[in-house]
Structure formats: C-alpha cells, structure tokens
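See below for the structure under consideration.
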Amino acid sequence: MNISNLLVLQFSPYFAVPVAAVIGLVLGSFYNVCIYRYVAEVPMNKPRRSFCPACSHTLSWFENIPLISYWVLGGRCRHCGARISPRYVLVEFVSMAWAAALAFKMGLSLPWLVFMVFGGLFIVGSFIDFAIYILPDRVTIGGTVLALVIKGLFGWAALKTALLGALLGGGIFWLLQQVYRIVRKEEGLGTGDVKLLFCIGALVGPLGLPFTVLSASITALMASIIYMRLPGSRGMRTRIPFGPFLCLGAMLQILVGREVLAWYLTFY
C-alpha cells in the first residue's frame, strides 16, 4: 500500500471512525483505572492488574473487555457477585464517542492525537470531580503546561494566543471567585475550576472561551434542574461540580465551536 492510499484511509470516515472508536474504548478502560485508583488512593503500579474493588480478585482478560464484559457479566463481579458501577461503562462509552467524533471531524491526524490526549485529561478529571469534588493538579496544571508547550512548537504567535487564552480564562474566573467569596462569605467556584480554565484557555484560545463557558453554563444549569428534582436531593443546596461541564464545553468547542460561530454570524 503506497503513501497516497494510506492518506486516503487516514481521513476516510469509513476507516478512521471505527479504528478511532476501538482506540477510544481501550483508552476508556485505562481511564477507569486512573479514576478508580485516584479516588481510592491506590497506587497506579500496585497491583499492576485490574481487580474487583469488593473482593480484590484479579480480573481475567475476558472480564476486562470494554463495554462487552459489563453486559456479559450482568453488571456484577463473576467471583463475589458485587455490583459493578455503571460508571465504568459510561467512561468507556464517552471515550469511544470522543475518539470517533474527533476522527470524523479531522481523521486520524496529528490534531486528532493531540485532542485525544486532552480529551483523556478532561474525561479523567471530570469523573474524579464528580466522585470527590476534586480536580487533580495533574489534570489542570499539567494540562496547562502541555497546552503551552504544544502551542509553543508552532511559534511565538500561537504561544502568545495560548498565553492570552490562559490568562483570560483563569484570570477572569479567579476574579469572580474572589468577588463571590467576599460577597457571599463562601466558596462559589472552586480553585480547581480556576486552574482548569487556565488549561482550557491555553488550549482553545481567547476566541474559544465564550462558547466554552456558555456551553458549560447551559449544560450545568440543565443538569442542576434535573438533579435537584431527584429523590434525596437537597434542592438549591445540592452540590454539583462545575469542572465536568467546563470540560464538556471545551470538548464541544473543539468539535463544533467554529461551525456554531460561523452559523451565528450568518444572522449579521
């Protein structure tokens, strides 16, 4: 197969999307390991193989097949019968959908690889935030440094745009955090969210921030309304992390942000 044929396959949705989906599933399984071990404070390298959180039995390869194993096992451990959290399936599905959607938009290209890395950070950070209301510095600060390094490879103009985006995203929300703290005498926006916005701002740039924040706010509001109506919720006092919705907003900006902006400008 010559290079031209490889390039055609690389950007063909009939090839790129299925391949990306499989890669996304495999990565989703790894993301689950990262999420569980961070929340449970279990070292990443001990034990090396996956295990049941309830009985600690080491899982066989056929119990670790993304999506499929959960359904085959009926959502329960084969050894002790303990219920397996549906979060594992959700993480794998989100990872698969992200990889496939990116491949449909840009093929199996270098940008696809870069955004896959940041998508992984966003997915892991989001589910950790949902679980324990913490956004790890490895995700926020590490993501910011990585975004600036990557943008710096494309020259000073790209790096300058990334720096401006980081300062606007993180700086404005840091200011809002301080004002809210002074006025309400309580935390409104977590420091992790502010750090996350430094990362997102560096990644999407200043022009990508409005759509990102707007998308995050709308989806967070919709989720809050639904969640507050669930049995056992605390109503207006219900605590819902904002970080996952900021991550979702950034991912939507990467996928459709420019298209939405172009559509919006047709009205003017």
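The backbone N, Cα and C atoms fix where each Cβ goes, glycine too.
Note: TrEMBL annotation is automatic and uncurated.
Some features that TrEMBL has for this protein:
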- 15-39: transmembrane segment (TRANSMEM)
- 22-105: domain 'Prepilin peptidase A24 N-terminal' (DOMAIN)
- 112-136: transmembrane segment (TRANSMEM)
- 117-223: domain 'Prepilin type IV endopeptidase peptidase' (DOMAIN)
- 148-175: transmembrane segment (TRANSMEM)
- 195-228: transmembrane segment (TRANSMEM)
- 240-265: transmembrane segment (TRANSMEM)
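Outside the transmembrane segment (148-175), and at least 6 residues removed from its termini, the chain residues within Cβ reach (under 8 Å) are 114, 189, 193-195, 197-206, 208-209.
Residue counts for the domain 'Prepilin type IV endopeptidase peptidase' (117-223) under DSSP, split into helix (H, G, I), strand (E, B) and coil, are 93 helix, 0 strand, 14 coil.
Beyond the ends of the transmembrane segment (240-265), by six or more residues, the same chain brings 98, 101-102, 105, 115, 118-119, 122-123, 125-127, 129-130, 133, 135, 189-190, 192-193, 196-197, 200, 203-204, 208, 211-217, 219-220, 223-224, 227 to within a C-beta distance below 8 angstroms of the stretch. Each residue in the domain 'Prepilin peptidase A24 N-terminal' (22-105) gets a DSSP state, and the totals come to 46 helix, 4 strand, 34 coil.
Through the fold, the transmembrane segment (195-228) approaches residues 118, 121, 125, 135, 137, 139-141, 143-144, 147-148, 151, 161-170, 172-173, 234-236, 238, 240, 242-243, 245-250, 252-254, 257, 260-261 of its own chain, all at least 6 residues removed from its boundaries and within a Cβ separation under 8 Å.
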